[in-house]
Amino acid sequence: MKKFFLLRRIYLDKSYRRQRLGTQILENIITFSKLANKELRVNVYDEEAEKFYKRLGLKKILQIT
């Protein structure tokens, strides 16, 4: 059994951004992974996404170029 959850992408249509919906979604995912005692791994595809994840306390552990 895997010891982690992999979040590939969160995408919100531009009309729904800046309403804290992405933050609420990610906070729920973080809580769920903690309750399941699993590490949360996130694929980051752009700089804006990386800033979003850092703002919510996630940290970079590996970068593949």
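The backbone N, Cα and C atoms fix where each Cβ goes, glycine too.
Applying DSSP to the domain 'N-acetyltransferase' (8-57) sorts its residues as follows: 27 helix, 4 strand, 19 coil. What TrEMBL lists as domain 'N-acetyltransferase' is 8-57.
Along the domain 'N-acetyltransferase' (8-57), the predicted structure has mean pLDDT 93.
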